[in-house]
Amino acid sequence: MSGRGKTGGKARAKAKTRSSRAGLQFPVGRVHRLLRKGNYAERVGAGAPVYLAAVLEYLTAEILELAGNAARDNKKTRIIPRHLQLAVRNDEELNKLLGGVTIAQGGVLPNIQAVLLPKKTEKAVKAK
């Protein structure tokens, strides 16, 4: 016989994703596939997609945390593009990273030039 159906063999271990091995939520396998299909290089190492997935996950978590804070400040429970815009533009490093990015339906940061603000009079200063 061909040897199929024997009962003495070991059961195959449950498959474990590379994302779970790395402790990530982002899909390492999908990132690897996209790196291979994207013609970025002839070959892609095993560690490259893990590292890239970790970086993407970190940036996403950072933006979502700041956007969640912006939503909470506006007494909202759902993050909308406006909250993403406020989160990115109020953070110096994220603003530099995403400087050339336009967020649809994001609006603009509120900003009034100092010369347009009402002047403080002496009475207002003494009242304090």
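Glycine is no exception: its Cβ is also placed from the backbone N, Cα and C atoms.
Source: prediction; values computed, not measured.
Listed in Swiss-Prot for this protein:
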REGION    1-22  region 'Disordered'
MOD_RES   S2  phosphoserine
MOD_RES   S2  N-acetylserine
MOD_RES   K6  N6-acetyllysine
COMPBIAS  7-19  compositional bias 'Basic residues'
MOD_RES   K10  N6-lactoyllysine
MOD_RES   K10  N6-(2-hydroxyisobutyryl)lysine
CROSSLNK  K14  ubiquitin cross-link
CROSSLNK  K16  ubiquitin cross-link
MOD_RES   K75  N6-(2-hydroxyisobutyryl)lysine
MOD_RES   K76  N6-(2-hydroxyisobutyryl)lysine
MOD_RES   K96  N6-glutaryllysine
MOD_RES   K96  N6-succinyllysine
MOD_RES   Q105  N5-methylglutamine
MOD_RES   K119  N6-(2-hydroxyisobutyryl)lysine
MOD_RES   K119  N6-glutaryllysine
CROSSLNK  K120  ubiquitin cross-link
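Features as recorded by Swiss-Prot, highlighted on the structure.
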| residue | record | Cβ within 10 Å |
| --- | --- | --- |
| K10 | N6-lactoyllysine | 5 |
| K14 | ubiquitin cross-link | 5 |
| K16 | ubiquitin cross-link | 8 |
| K75 | N6-(2-hydroxyisobutyryl)lysine | 6 |
| K76 | N6-(2-hydroxyisobutyryl)lysine | 13 |
| K96 | N6-glutaryllysine | 8 |
| Q105 | N5-methylglutamine | 9 |
| K119 | N6-(2-hydroxyisobutyryl)lysine | 6 |
| K120 | ubiquitin cross-link | 9 |
The compositional bias 'Basic residues' (7-19), counted residue by residue under DSSP: helix, strand, coil: 2 helix, 0 strand, 11 coil
For K75 (N6-(2-hydroxyisobutyryl)lysine), the one of K96, Q105, K119 that lies nearest, given that the modified residues are compared by Cα: Q105
Helix, strand or coil at K96 (N6-glutaryllysine) [DSSP, three-state]: helix
Whole-number Å value for how far Q105 (N5-methylglutamine) lies from K14 (ubiquitin cross-link) (Cα to Cα): 45
Rounded inter-Cα distance in Å - K16 (ubiquitin cross-link), K96 (N6-glutaryllysine): 38
Alpha-carbon spacing, K120 (ubiquitin cross-link) to Q105 (N5-methylglutamine), which is rounded to whole Å: 36
Rounded to the nearest Å - Cα separation of K119 (N6-(2-hydroxyisobutyryl)lysine) and K96 (N6-glutaryllysine): 33
Cα distance (Å, whole number) from Q105 (N5-methylglutamine) to K10 (N6-lactoyllysine): 57
Spatial separation of the residue listed as 'N5-methylglutamine' from K76 (N6-(2-hydroxyisobutyryl)lysine) - C-alpha basis, Å: 17
